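In what follows, a structure is listed as structure tokens, so that the remarks can point back to it.
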Ligand SMILES: [Zn+2]
């Protein structure tokens with residue numbers, strides 16, 4: 001609060017200085033009978049607000065009273081930006097719109113104000129108005145074209161207009177901001193996921209190739225390509241793709257397991273699934289892999305083997321989900337009082353597990369049960385991963 005007040009005061013001083021210089025300039029050119037009393041009145045009203053600790057009212061008075069000239073334009077822009085950063089986007093719009101209407105602005109100044117106005121509209125949620133201003137700036141191809149294009153990509157991302165976002169990207173933009181490649185791959189993945197859902201396989205394949213071209217390390221595009229192969233009746237190709245994921249990023253192994261199981265089911269090779277899972281578990285001892293292995297063994301009526309595997313791995317790396325599943329396996333063999341005790345324990349582990357987040361953003365710490373490819377909090381792509389440790393993997 002104190003910092004904001006200081007910034008406000010500094011801006012007010014800057015505005016007042018701009019006014020004073022403007023007045024002095026005017027006086028040199030044209031002696032000012034008449035106009036001074038009105039401005040002076042506003043000036044002192046503003047000062048009065050300041051002294052009464054009403055900086056907002058003071059700013060309003062100064063903005064209304066002070067003329068825009070070459071000395072004050074930067075301050076007016078900064079003032080609008082300050083309003084926006086305080087969450088007062090409607091006031092930011094007023095300040096910047098007031099500036100934008102001035103015919104005396106140079107082309108460069110006008111573009112700057114237009115860009116800030118687009119930012120204000122975005123902050124106010126008026127995305128269509130922001131879009132119009134940004135497209136104009138991009139088409140004008142002036143000094144701020146690159147910055148405007150970047151903001152336009154961000155806007156299309158917010159609107160989930162993935163196709164438009166991709167077509168706004170340029171190589172120059174990628175050079176300017178390399179992490180955009182990762183985002184671009186996810187835009188293409190979003191389109192591919194939609195195409196897969198509608199069973200438009202050839203469109204999905206094209207979109208996934210585009211995702212690979214943007215970012216060859218994109219795990220999501222590998223997973224979607226594997227799903228595409230599976231839906232197209234090529235389970236072997238799906239498995240080959242899925243087994244690349246541990247090399248791309250082992251953190252996403254839990255995410256690929258269901259597709260792996262589905263692929264081996266389509267092949268009707270349950271024993272090969274067991275072998276693949278055992279190999280995976282050796283190198284990547286995730287609880288999800290262990291549970292998937294135990295579940296596969298149980299489906300083949302190998303309860304005892306599943307129990308031994310669980311017991312062995314839990315001794316080396318214990319996890320809450322593992323213990324819960326182990327109790328479940330013991331329950332199949334138990335009877336009488338032993339069964340009652342195990343049921344009590346099972347209820348407790350279930351309670352501990354309920355509503356436990358399974359994923360966490362590596363960038364901002366946001367936690368969720370489901371996997372989001374874009375963090376809903378910090379909006380980073382591919383930053384959410386399964387939680388590890390006793391309470392996770
Ligand atoms: Zn985040």
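Glycine is treated like the rest: Cβ placed from N, Cα and C.
Residues or ranges marked as topological domain 'Cytoplasmic' by TrEMBL: 24-393.
Mapped onto DSSP classes, the domain 'LapB rubredoxin metal binding' (359-386) shows 0 helix, 10 strand, 18 coil. Per TrEMBL, domain 'LapB rubredoxin metal binding' is recorded for 359-386.
The Cβ of residue 361 (Fe cation binding site) lies under 8 Å from the Cβ of 367, 375, 377, 378, 380, 383, 384, each of these being in the same chain and 6 or more residues away along the sequence. According to TrEMBL, the feature Fe cation binding site maps to 361, 364, 375, 378.
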Next on the checklist: List the residues in the vicinity of the Fe cation site, defined as same-chain residues other than 361, 364, 375, 378 with C-beta within 8 angstroms of the site's C-beta centre.
Outcome noted: 362, 363, 365, 366, 376, 377, 379, 380, 383, 384
Checklist entry - Taking the binding-site residues one at a time (364, 375, 378), which has its Cβ surrounded by the most other Cβ atoms within 10 Å? => result 375
Checklist outcome for this item: Confidence over the topological domain 'Cytoplasmic' (24-393), expressed as mean pLDDT on the 0 to 100 scale, is 88
